[in-house]
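Note sheet for the following structure.
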Amino acid sequence: LGQLSTPYALENGGWGSVFLLVGLGFICTYTSHVLGKCLDKNPKSESFADIGENAFGRKGRVLTATFIYIEIFMALVSYTISLHDNLITVLSGTQIKLPGVPNLHTSQLITVVAVLIALPSLWLRDLSSISFLSSGGILMSLVIFISVVCTAAFGSVEANHSIPFLHVKNIPAISGLYIYSYAGHFVFPNLYKAMKDPSKFTKVSIVSFAACTLLYTALAFLGAKMFGPEVNPQITLSLPRHHFITKIALWATVLTPMTKYGLEFAPFAIQLENNLPDSLSSRMKLIIRGFVGSIILLVILSLALSVPYFEHVLSLTGS
């Protein structure tokens, strides 16, 4: 989701704000490395909440867990808003009505169906399966980037807008968008524990954050140069509607959230299972995990459809 909003953030913050984007990339790479060291130092730690308790006691655990769960919830809301916004565009003109549900618009109905399709991913327990599914999101991110490059390269939109140097008053708002681009930390403890060789965690972090920073920076400049002040908070919604390349980018943006729900939900699900009584069978724990996840996702769906302000939700979550 971060790459969708970086052109909007750069245009509103000025090209000088790219130093903030790159700087945050360095900071998050370092904190990811430190996180790995914390988990390595205390093998019993499995989550951010455990690290919070090791550092600050019971209060640290409660405070850390609260922030992590709020971030997970808001991230899932952001994914669902993005899913809805892009479905509206990609299926514009389509009309669907359900008998007995007259107040549900076509876009909302299709979003509900898309979320229900993604729902089974919340029942997955094996992180390797979840990460395999989530890797589809990496492919979709590259498709979106290539689509924007092709739109500029083949003359559909000329990249001739000038980008202001700096809008200081906008920095607080766009810093939230920039930091959200790197906000994967809450799932890192689970990934660290699931790695075959955790000693390579720092190397993985460096490669991942370097790739993300390059991708975000390139897309931010390209999108801002192409659309200037008219750039949409989601770059895919600024692309020319009639082009085939745009349709590919829109579908990629629709599919990305559907591959991410399971991974984003994993920290909460794993903590939930750990807190259940040992007397419960694995099957019962799975049922409780899936049921709770399904209820939470339906609440998230309702919130996303009623508060469809993508850039504000993203910026607030990042902040």
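The backbone N, Cα and C atoms fix where each Cβ goes, and this holds for glycine too.
Automatic, uncurated: that is what TrEMBL annotation is.
According to TrEMBL:
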type: DOMAIN; residues: 2-319; note: domain 'Amino acid transporter transmembrane'
type: TRANSMEM; residues: 15-35; note: transmembrane segment
type: TRANSMEM; residues: 62-84; note: transmembrane segment
type: TRANSMEM; residues: 104-124; note: transmembrane segment
type: TRANSMEM; residues: 136-154; note: transmembrane segment
type: TRANSMEM; residues: 174-192; note: transmembrane segment
type: TRANSMEM; residues: 204-224; note: transmembrane segment
type: TRANSMEM; residues: 244-263; note: transmembrane segment
type: TRANSMEM; residues: 286-310; note: transmembrane segment
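Sequence-distant neighbours of the transmembrane segment (204-224) (same chain, 6+ residues past either end, Cβ-Cβ under 8 Å): 2-3, 6-11, 15, 18, 21-22, 25, 28-29, 32-33, 36, 141, 145, 148-149, 152, 159, 161, 163, 181-182, 195, 231, 235, 238.
Within its own chain, the transmembrane segment (15-35) is flanked in space by residues 6, 9, 51, 163-167, 171, 174-175, 178-179, 181-182, 185, 188-189, 192, 201-202, 205-206, 209-210, 212-213, 216-217, 220-221, 224, which lie at least six positions past its ends and keep a Cβ under 8 Å from the stretch. Contact between the transmembrane segment (174-192) and the transmembrane segment (104-124) does not hold: fewer than three of their C-beta pairs are under 8 Å, each pair 6 or more apart in sequence.
With respect to Cβ pairs under 8 Å, the transmembrane segment (62-84) is most closely packed against 286-310, considering the stretches 104-124, 136-154, 244-263, 286-310. Among the listed stretches 104-124, 244-263, 286-310, the one sharing the most Cβ pairs under 8 Å with the transmembrane segment (136-154) is 244-263.
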